[in-house]
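Quick look at what TrEMBL lists:
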- 1-25: signal peptide (SIGNAL)
- 18-218: domain 'GH16' (DOMAIN)
- Glu108: active site, proton donor (ACT_SITE)
- Asn112: N-linked glycosylation site (CARBOHYD)
Amino acid sequence: MANFRALLLLLLGLVLLVASQRTMAADFNFYRDMSCYWGPQNLAVWNNGQNFALSLNNVSGCGIQSRNQFLFGSIEMHIKLVPGNSAGTVTTYYMSSTGDKHDEIDFEFLGNVSGQPYIIHTNIYTQGVGNREVQFYPWFDPTAAFHNYTIHWNPSQVVWFIDGIPIRVFRNYQKYGIAFPNQQAMRAYSSIWNGDNWATRGGLVKIDWKNAPFTARYQQVTLRACPYWQGSTAQCSASTAANWWTSPAYSKLSYAQQGQLMWVRSKYMIYDYCQDKKRFDGKTAPECSLPLY
């Protein structure tokens, strides 16, 4: 009887986990799923919590975070970036844990002077250590329409996607002593703030406040990830049917995705920390000498 009860509880847990993931994926609502931690006066929410916008003015920016923490899965945000002269503004979308040795996976969108392209800045922190920046120019106008920016991570890899196209991958090479973000739950964050001391041409171009407020708009947010509760690291990592992100299909990029990744890198990548030996005194990070995917 005890074994039957244990099996019944396990099956019930799996059903609830799948149901919660389906609910979060199909039924996002800002009021239920997110909270504002900074600049609430610069937050607008409409369409019954399906759409929202973050603004920056000369008084404050704005920041939001997910109420739940996650460990593995996909977080998607459809974002339309600040149009016109957005030089000096930084719009961010990232996953992060807390503490001095935090893990973090970043998208940052560096504003531009009208007629010049945005810079898509990516980075990853493991155990509090970052310095893994890779930057791209977009192959589209990110201010003219909404585009899907996805952070996907599982026990094997972290992948940054734009409209389903992988632009960057960070493999799990723990067996070589390279830290990987697989032990700390993370929340999803987004913000807009004043980065004109560094963001545009190294801080040479300042924000033109006559153009304020600067507004980034959001829709179709999807939190298709493993909800994390204390002690559930093993559950989120387990190779089960409910944990779709652990299936072999997600353990590495497909052949087609590898081709897409190399197309983006060859055409639109403008900076790669693995190629910047001058910055790191002639050395590169250990993962730079290992296979990219």
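Using N, Cα and C of the backbone, Cβ positions are placed for all residues, glycine too.
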Check your understanding: Between Glu108, Asn112, which of the recorded positions has the fewest other CB atoms within 10 angstroms in the structure shown?
Key -> Glu108
Practice item. Could you please provide the mean pLDDT value for the domain 'GH16' (18-218)? Key: 93
